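In TrEMBL this protein carries:
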- B:Met50, B:Gly198: substrate binding site (BINDING)
- B:Arg125, B:Thr171: ATP binding site (BINDING)
Amino acid sequence: MHVDLLNPAQSARTAHLLHQHAPLVHCMTNDVVQTFTANVLLALGASPAMVIDAGEAAQFSAIASAVLINVGTLTQPRAQAMRAAVESANAAKTPWTLDPVAVGALTLRSEFCRGLLQLQPAAIRGNASEILALAGESHGGRGVDTTDTAATALPAAQKLARESGAIVAVTGEVDYITDGQQTLAVQGGDPLMTRVVGTGCALSAVVAASCALPGSRLENVAGACALMKFAGQQAAGGRGPGSFMPAFLDALYAMNAEVAA
Amino acid sequence: MHVDLLNPAQSARTAHLLHQHAPLVHCMTNDVVQTFTANVLLALGASPAMVIDAGEAAQFSAIASAVLINVGTLTQPRAQAMRAAVESANAAKTPWTLDPVAVGALTLRSEFCRGLLQLQPAAIRGNASEILALAGESHGGRGVDTTDTAATALPAAQKLARESGAIVAVTGEVDYITDGQQTLAVQGGDPLMTRVVGTGCALSAVVAASCALPGSRLENVAGACALMKFAGQQAAGGRGPGSFMPAFLDALYAMNAEVAA
Amino acid sequence: MHVDLLNPAQSARTAHLLHQHAPLVHCMTNDVVQTFTANVLLALGASPAMVIDAGEAAQFSAIASAVLINVGTLTQPRAQAMRAAVESANAAKTPWTLDPVAVGALTLRSEFCRGLLQLQPAAIRGNASEILALAGESHGGRGVDTTDTAATALPAAQKLARESGAIVAVTGEVDYITDGQQTLAVQGGDPLMTRVVGTGCALSAVVAASCALPGSRLENVAGACALMKFAGQQAAGGRGPGSFMPAFLDALYAMNAEVAA
């Protein structure tokens, strides 16, 4: 199982492309992380929008540059709206990304996510437990937490990538990004990122945005992972998770401003 | 098309009235901006409340000082609840304000907002694309972003004000507030306000609150626009959008504290 | 009516237990406070999760360490999901906590909360108006605000505790925590806590978490109240509610870090 370290220049390159192309990201995400997700995309120069009625979501998928499907607070009506958005995205060739939050132990989301795998996701981003469960290798972790390291789930991620055609990012202390053949590893980040809600979900939104960029999708998705880890490192060193959050958004914005300069 | 610059003293006057009257603002707003909207109102000394069941929303409109209807994440059940709230508000003579987020390209919200125009809104606050679309002059912008300047939409805003009876605020780098006859312009603000989600939506909540105040509604709505721009200027100069947000709330609170002193 | 002041060491003891046991708290809470609630629990070392589909919520209640039911933005579908979660929690002996936001004047939540009282809540946390209304002693306050002091509602809280079997915390400038026989008082806090949305709702989540801890539930719930007031005091002294929020989370995290050291 060969793994390459991502070229350290890729995170600035992805930040530059995000700033330059300002993708409009249609985020169908969970209730808990909507504000933070929007602010992360805005700090990077991308443009978030949340539309959740089934009819409107389908209309919007055709306008948007990218779609994010995050099942953290899934309900039956939202599942229908998400499915409509994905089908419309596919018809419009808009790339869509899946964040299978807490898939495994909970029935509605597990069946829904497995069904979505047939609909050609551009990317999938999850923690080890989620990727293992989505690949059918386990029954998932303790809610949103993972009880496995990302490396443990790498074979499942590679299998999932080959079967679904998606770039799969399994993230943790080290992130692994794979298309099923080639695998890139991304180091960095800070433990405080796990004490702030939504860093993983917001990463999935940046992954979704990166799928709208030109160039290698594998490298752009890995670049999305890398720039979030870089901002996490920049923001650490404060007094705790409260001061971490503004510092994290400022660090993302600084990457955006640097590449703009 | 004559436009007057708002008297610079109006923003402190509106802040004073908000602090003094502490209006209870029933916010039926989108999922992304609820926390920020509540915190903006609290910083100014107003009192936010979010109630979304149709029956409860109708009950609450009769108790509240003002109602905000923001269609950013509209669904069919929420549209029904909002309509019930508006009808109850009208019966109780509670002023209600419309924020027609991303109206135009998306069907559900466009039809819903056009229907609401018949129900005597006290105020309407939107960006240029939204006001143009609501007035029937265009099909709306790229999602929540505007592709027009506020000045472009001023004739549409004036027409909309005359037809609906509402004070219409079309906001952007310069804000224009009109009753269809008289028009006030408000300058200020900072570009960072567009890199933080919810500044426009929170402004609509402050506009809603200002409609519960005594005195000229045109001047109070313009004062609401002005105090948000003033706080935006106070909060700029930091390291990015992350540090901007706390500084913005602190600046609103300082206006509140100054007038209280 | 005898009241004891809580032992000042209890707040550090509860913080220590939260850090040590890291309870998984299933939060079915309102739309406005979800992010802040999650961040408060994470700062303390607990693990939040929000699951809202009725079927999934029932599955998750059996996995979680504790459940929070907050009716701030109740709808009919959510009421059904919450009821399913509570019944599953009871079957699995998972303690569940009720936050009866704005109960009294609004029909759906009032009937729903009164029905829940039959289902053995472990704890109830509300302001004076909410506790008075839930105990059937009044018709509730002006929305989410309270117009009574906590002391006024203490007899109602004690009656409610005896009738429901729950620990009842009625909170305000002074918090009172009672099992119907013994009553503890907690002082501290800062007025800025009322200018930030969600401090009360997040406290209810910490109360829910504290019900999963070993030892005296009365003391653990009082400890939850005390550690939030302590963090509020630590965070005050800044420039306003904007800078208060990060400082508040940092203060909670510091309690966590201190006990971990």
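Going from the start of the chain as shown, residues are counted 1 onward.
Cβ coordinates are placed from backbone N, Cα and C, and glycine is handled just like the others.
TrEMBL feature annotations superimposed on the structure.
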residue  : record                 : Cβ within 10 Å
B:Met50  : substrate binding site : 27
B:Arg125 : ATP binding site       : 32
B:Thr171 : ATP binding site       : 28
B:Gly198 : substrate binding site : 25
I'd like to know which binding-site residues lie near chain A: of B:Met50, B:Arg125, B:Thr171, which have a CB under 8 A from one of its CB atoms?
none
When C-beta separations to chain C are restricted to under 8 angstroms, which of the binding-site residues B:Met50, B:Arg125, B:Thr171, B:Gly198 qualify?
B:Met50
Could you state the whole-number distance in Å separating the C-alpha atoms of B:Thr171 (ATP binding site) and B:Gly198 (substrate binding site)?
14
Any idea what DSSP makes of B:Thr171 (ATP binding site), helix, strand or coil?
strand
Rounded Cα separation (Å) that holds between B:Arg125 (ATP binding site) and B:Gly198 (substrate binding site):
13
